[in-house]
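See below for the structure under consideration.
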Amino acid sequence: MALIPSQVLRVAILLSYFSILCHYKALDMPAHQTYGGSWKFLTFIDLVIQAVFFGLCVLIDVSSLLTKGGDSREQERQLRKLIGLRDWMMAVLAFPVGAFVVFTFWSLYLYDRELVYPKLLDNFIPQWLNHGMHTTVLPFIIIEMRTTHHRYPSRSWGLAAVCCFGVGYILWTCWVHQVTGVWVYPVLERITPVARVAFFSVMMAVIGVFYVLGEILNSYIWEKLNTDLSSRCAKLKANISRMQEGTEAVGPTMKGELIK
């Protein structure tokens, strides 16, 4: 039995995302006042994705409790739709985008933080909030993957959806630059147009890799759990069989002793 029920974990994670979003929106940053506001940053978009995803998970938990023991087919059908949407969001948005944000941010930060998170931002964003936006996303989504089995779509459809999201964000970034004359991230200011195309292409490949990695990790976790469960059931059946054989062997012996 889990130390903390998965339903409680989801509520706690959802509340943490609400707290992070509220604190982030309350920051008095110049970038929030320019065209696109917070929505031009992938980090903020990812936080919204994660909050919506875990909100959906909590909604499913509550709906499951309310419909438990009921015989309404319509309620079951609506619940299955919600579960299907949850699984799709996990596969296409929550895991690949979340993992992508954590990986790319810390990779660029460790190489040269001025490329993605200039030191000036330390005056606006506290360290705990920075980690809430760029670190805890990954362990939270892995916890969800570990506690609940999610059905992935076919790989081709999943990759197509992830690529649509990636292309959409790249076009949005280019549009913001077209309107303001400033790139969203400092790294894009420092490279040539050809290098930007290569950079965007590599980022698309990376987010595709994270989609496949999430699919593999999900399968590995639940195949291993199913294997362990099957092994325990087999051992339990073997023990029961031995007990039955021992009882059958002892029975005639005791009967013979009574006759004597």
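Positions of Cβ are set from backbone N, Cα and C atoms, glycine also.
Quick look at what TrEMBL lists:
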- 7-27: transmembrane segment (TRANSMEM)
- 47-67: transmembrane segment (TRANSMEM)
- 88-108: transmembrane segment (TRANSMEM)
- 128-145: transmembrane segment (TRANSMEM)
- 157-178: transmembrane segment (TRANSMEM)
- 198-222: transmembrane segment (TRANSMEM)
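If you count C-beta pairs under 8 angstroms between the transmembrane segment (157-178) and each of 7-27, 88-108, 128-145, the highest count goes to 88-108. Long-range contacts of the transmembrane segment (47-67) within the same chain, counting only residues at least 6 positions beyond its ends with a Cβ under 8 Å from a Cβ of the stretch, are 7, 10-11, 13-14, 17-18, 20-21, 24, 75-76, 78-79, 82-83, 85-86, 89-90, 93-94, 97-98, 133, 137, 140-141, 144, 148. Put simply, of 7-27, 88-108, 128-145, the stretch with the most CB pairs closer than 8 A to the transmembrane segment (198-222) is 88-108. Sequence-distant contacts of the transmembrane segment (7-27) (same chain, six or more residues past either end, CB-CB distance under 8 Å): 38, 44, 47-48, 50-51, 54-55, 57-58, 61, 124-125, 129, 132-133, 136, 140, 143-144, 147.
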